[in-house]
Amino acid sequence: MNPTIGWIRQLAESWRVPTALVPLVPFLLLLIALYAVIGLAAYGALRKWPRADKTIAFWLFISPWLIGFLMFTVGPMISSVYVSLTSWDLITPPRFVGFANYSEAFQDPRVAQALKVTLLYAVLSVPLQTALAFLVALLMNVDLPGIRLFRTIWYLPSLVSGVAQMVLFLWVFNPQYGLANDVLARAGIQGPGWFSDASWALPTVILMSLWTVGGAMVIYLAGLKDVPLTLYEAAALDGAGLVRLFWHITLPQLSPIILFNVLTGIIGALQIFTQGFIANGGPKDSLLFFVYYLYENAFQNFRMGYASALAWMLFVIILALTAVTARASAFAVYYETDLGGRRRRRTRKG
């Protein structure tokens, strides 16, 4: 055994590091040393040029994140491009196959099913989540005793992990002894099969997603607090009612925040995984989300090349939908700094 490796193993054992993590010890030590050198260099740069240009210090301070981003994000992304052009099962060496994986994906009926389920989930869940979060934020934007407690109660479900949520709702929506069907039975209504019924599985997941609108609600609430009261007061003096106040002041002022929540909602919805994983794809592939199918090929069938091709297809879809949404928002999103410029441009065109 190499003396250095033996010393590292002894050091790891003295620190009681699990055996599986021993190979990572040299990398961690190197990373700590690198960060220490960067920190000392940045500190020296700040002391040497306290009032001069801080460009060097800036790059030194940002370099730990930049190095990590290049190593753990950009590097794997570039390597996945090559892997998507190969046939690789993690055991035998990768075999270059060109665009065969992409060609197969376009002909795979399960890819079409996964795209259908994922897009349908995104199209239905994102507007519902956006509307509910906005409505709750409007209701919570009051100064009443105990309102902070209600805000906290609405926000707490968004802190629950996806696995815990799915396990909880599997019990709530159990067709035999679940809470939902018990409540419906007391009202004389025959409850559906929920997750065990192919026609109800996806609507159940969409309904379940509304439980976590607390995060978006907090963002909307912060935006409502920033809307100047003088705008409402001036409009009220002119005789504007609640509907006009909402339509002409609240919505335009919060439109950038709405755009942000819609974009993050679309990206999150297209990457949904946990619900499909816990439900094992659902009955008749009714919960076969795209990322779950990607996972199935990568870590169950060990088709890393095909899974990488699916990942890049999903990346292109997310990028395209995000770009289209951002582009379309130019006609509905108003920024306080450029309203005058927009009015001037429209006047010239007119």
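Every residue gets a Cβ built from N, Cα and C, even glycine.
What TrEMBL says about this protein:
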TRANSMEM  20-46  transmembrane segment
TRANSMEM  58-85  transmembrane segment
DOMAIN    115-325  domain 'ABC transmembrane type-1'
TRANSMEM  119-140  transmembrane segment
TRANSMEM  152-173  transmembrane segment
TRANSMEM  200-222  transmembrane segment
TRANSMEM  253-274  transmembrane segment
TRANSMEM  309-335  transmembrane segment
Stretch-level contact, the transmembrane segment (58-85) and the transmembrane segment (309-335), CB cutoff 8 A, at least 3 pairs: yes
Other parts of the chain folded back onto the transmembrane segment (253-274), taken as Cβ under 8 Å at six or more residues beyond its ends: 118-119, 121-122, 125-126, 129-130, 133-134, 162-163, 165-166, 205, 216, 219-220, 223-224, 226-227, 231, 289-292, 295, 314, 317-318, 321-322, 325-326, 329, 332-336
